Amino acid sequence: MPRPAPGYFTSGLEADPELAAAIGGEVRRQQDGIELIASENLVSRLVLEAQGSVFTNKTVEGPAYARYYGGAEFADAVETLAVSRATKLFGCRFANVQPHSGSNANAGVFLGLLKLGDTILAMDTAAGGHISHGHPATLTGRDYEIVRYGVSRATERINLDEVRALAQARRPKLIVAGGSAYPRALDVSGLRAVADEVGALLMVDMAHFAGLVAAGLHPNPFPHAHVVTSTTYKSLRGARGGLVLWDDDALSGRINAGIFPGVQGSVMMHIVAGKAACFGEALRPDFVAYNQAVVDGAQTLAATLAEAGVRLVAGGTDTGLMLVDLVNHGLTGDVAAKALEAAGLAVNKNQIPFDPRPPEAPSGLRLSSNAGAARGFGVAEFASIGGWILRVLNAPADGGAIETVRSEVRELCARFPIYPAA
Ligand SMILES: *Cc1c(COP(=O)(O)O)cnc(C)c1O
């Protein structure tokens, strides 16, 4: 019988220098630059280890303790741990921790709770909504009748009267709230009142503010939302995946079946282990301190930019996320994002509400304090970051100025080390 190659079970990345070089490069990129992209964060060593564990070898399907395959006792224990921590964290009765991603969590909920062709009322992506809420380029956009609400021109916030008028005219089965570029807190009880008026279910997708909810720094969607979805790797600072939460047992069968077998097969149990790890961290008191730093950092960054005349969409932020309008700078988001990246500041270009410009060269930038706060940045550091952003926005083509900012960024990053070098 052939035996495994020497080192098969014991040696690591040193056995693959090409791959090791790329991973090492990524460690240094994360260490030496400032991450301001809202869909990213820096996870703990614990989460990395759980995600890299031997659960990657285990195939299970279906709910814990009712799997199709045997040998699942430890997988069952891990998934049960993740579910009980998630429900405790968010104050609800039920959780499905199997979604491979936020998009799968949403697609599974739609599939479980709706019939083909049912109407969904969801936020327009152009106003900050997420593509997985029925964008025409996705399956959800094909399978359901999608009606869009936006934000009010004057306040750039959701206008409940507009949502109500659309709901009454179009009678959706499901109203979806929560986006990827909406900086303000949601009025969850107001949205629930609209849902009740038309007999719709309310789903809140809290991907970008779940961490704040867990820490008590954003209104909890429960008990107002019928279903809550999230990613676990943005504000929750954990494994790369999705999550569904709900309270009413009458929905359990349909939601679980919507996820499996509706949109997924077997469970990524190593990722579920990573989710259990990050939910455990989020239940500890220091997670509140982390999220307070996220909010304080975002407030400082927003104030630094606003004092220099930069316009923030919706006048600022209630979360870790903000949208910057570059129109007054005569810059587009793509040009600004490239210049900032050259200075060691990772951001993403983003459309702003009522953007006259296309998504490829939009009018705005999206910024977040999530990852900076995770490595220990406080208000002083976020004030420096605001100053650097202003210097780059004022001279995006000045290579010398960008180099100077780049070296100051590097210096700050060196004082806030992340993972040990690979
Ligand atoms: C990021 C995000 C998602 C999708 O997450 P993926 O894991 O990329 O599929 C869904 N909803 C919202 C609001 C998001 O911000």
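Just so it is clear, glycine is given a Cβ too, placed from its N, Cα and C backbone atoms.
According to TrEMBL:
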type    : residues               : note
DOMAIN  : 14-389                 : domain 'Serine hydroxymethyltransferase-like'
BINDING : Gly129, His130, Ile131 : (6S)-5,6,7,8-tetrahydrofolate binding site
MOD_RES : Lys234                 : N6-(pyridoxal phosphate)lysine
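Shown on the structure are the features that TrEMBL records.
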residue	record	Cβ within 10 Å
Gly129	(6S)-5,6,7,8-tetrahydrofolate binding site	25
His130	(6S)-5,6,7,8-tetrahydrofolate binding site	25
Ile131	(6S)-5,6,7,8-tetrahydrofolate binding site	16
Lys234	N6-(pyridoxal phosphate)lysine	27
Calculate the distance in Å between the alpha carbons (Cα) of His130 ((6S)-5,6,7,8-tetrahydrofolate binding site) and Lys234 (N6-(pyridoxal phosphate)lysine), and round it to a whole number.
14
Using a Cβ cut-off of under 6 Å to any atom of ligand 1, determine which of the binding-site residues Gly129, His130, Ile131 qualify.
His130
Between Gly129 ((6S)-5,6,7,8-tetrahydrofolate binding site) and Lys234 (N6-(pyridoxal phosphate)lysine), how far is it from one CA atom to the other, in Å?
16
Could you tell me which three-state DSSP class Ile131 ((6S)-5,6,7,8-tetrahydrofolate binding site) falls into?
coil
Relative to the mean position of the Cβ atoms of Gly129, His130, Ile131, the recorded (6S)-5,6,7,8-tetrahydrofolate site, which additional same-chain residues have Cβ within 8 Å?
Ala122, Met123, Thr125, Ser132, His133, His135, Gly179, Ser180
To what whole number does the mean pLDDT across the domain 'Serine hydroxymethyltransferase-like' (14-389) round?
97
Ile131 ((6S)-5,6,7,8-tetrahydrofolate binding site) versus Lys234 (N6-(pyridoxal phosphate)lysine) - Cα distance in angstrom:
16
What does DSSP call Lys234 (N6-(pyridoxal phosphate)lysine) in the simple three-state scheme?
coil
